[in-house]
Amino acid sequence: MGTVLDSHFLALTALVTIGYQFIFFIITALLKFDKITDFAGSTNFIILSILTLVVKGDYHFRQVILSLFAIIWGLRLAIFLLMRILQWGEDRRFDEMRTNIGKLAVFWFFQAVWVWTVSLPLTIVNASDRNPSIKAQDIIGWIIWIVGFLIEAFADQEKLVFKNSQENRGKWCNVGLWKISRHPNYFGEIFLWWGIFVAATPILKGAEWLVIIGPVFLTLLLLFVSGIPLLEESADKKYGSRGDYQLYKRTTSPLIPLPRSVYGNLPPWVKMVFLFEFPLYSRNLPRDTVGN
């Protein structure tokens, strides 16, 4: 079917994303109903995947595989997050936004930027006329995606089961994958989107390589903005005075899964430079525990 607005579908996906998020913003603002926010973000990825695949109409193997990857990821995450918020109740992220339309609008705009930017590698693949044979990059990218998807899915389920157990009330999750990473679900999400980028590289040419901003944006977002810093701050305020939590934090990698016996014995500079143990993750701990 070919070109719509521009040959790379950048304008098309931007307009669809803004429109889709705007609908949910209106629902949230008028009804004060914030249980659909994560559902709106996750399903937006599904819409862009199907839209760009169908509009282009080539259905090359690489396009179909990567579109299926994004659809499977978005569908699982949308269902999981929707069921979780319906079970747990209100989303505490919106406690200060429900009565502030400006802050609420900024959140929904930022979510639109997140969806559109992270989707860029897939958007360019589905818009491309090039269809080289399957390369090593494809296989490597698919493996990375599968590993990341499984890690994120298992980590989400482990934490949900842990939180739903009465005997774990007042405890932080430190079972399964959470024994070797403080945020294994985020690691899985970052890893799988880097996998999609790697699998997209055989068709990239010239300025199209700029789609690397998709996984880079996601990585920086989770490392420094809306992901790890917020959860670390919350956990430190709840458990920071407890010695067993301080030990867990010193010996458990913030993102990349590693055995505690390995991570706990690494020098602080190695943890910071190579394993993302940044000072902002400990700024809410008691002063005498930081760096110990």
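In case you wondered, yes, glycine gets a Cβ from its N, Cα and C as well.
Curation plays no part in TrEMBL annotations; they are all automatic predictions.
According to TrEMBL, the feature transmembrane segment maps to 12-31, 61-83, 104-127, 139-155, 186-204, 210-231.
The transmembrane segment (186-204) shares the most Cβ pairs under 8 Å with 139-155, out of the stretches 61-83, 104-127, 139-155, 210-231. Long-range Cβ contacts of the transmembrane segment (61-83) within its own chain (Cβ-Cβ under 8 Å, at least 6 residues beyond either end) map to 35-36, 38-39, 42-46, 48-50, 52-53, 119, 121-122, 125-126, 131, 134, 138, 142, 145, 149, 152-153, 156, 160, 192, 195-196, 199-200, 202-203. Sequence-remote contacts of a segment are chain residues at least 6 beyond its ends whose Cβ falls under 8 Å from one of its Cβ atoms, and for the transmembrane segment (12-31) they are 4-6, 37, 40-41, 44, 47-48, 51-52, 55, 101, 104-105, 108-109, 111-112, 115-116, 119, 123. Distant neighbours of the transmembrane segment (104-127): 7-10, 13-14, 17-18, 20-22, 24-25, 28-29, 37, 40-41, 44-45, 48-49, 52-53, 56, 62-63, 66-67, 70, 94, 97-98, 193, 196-197, 200, 203-204, 208, 211-215, 217-218, 221; these residues of the same chain sit at least 6 beyond its ends, with a Cβ under 8 Å from one of its Cβ atoms.
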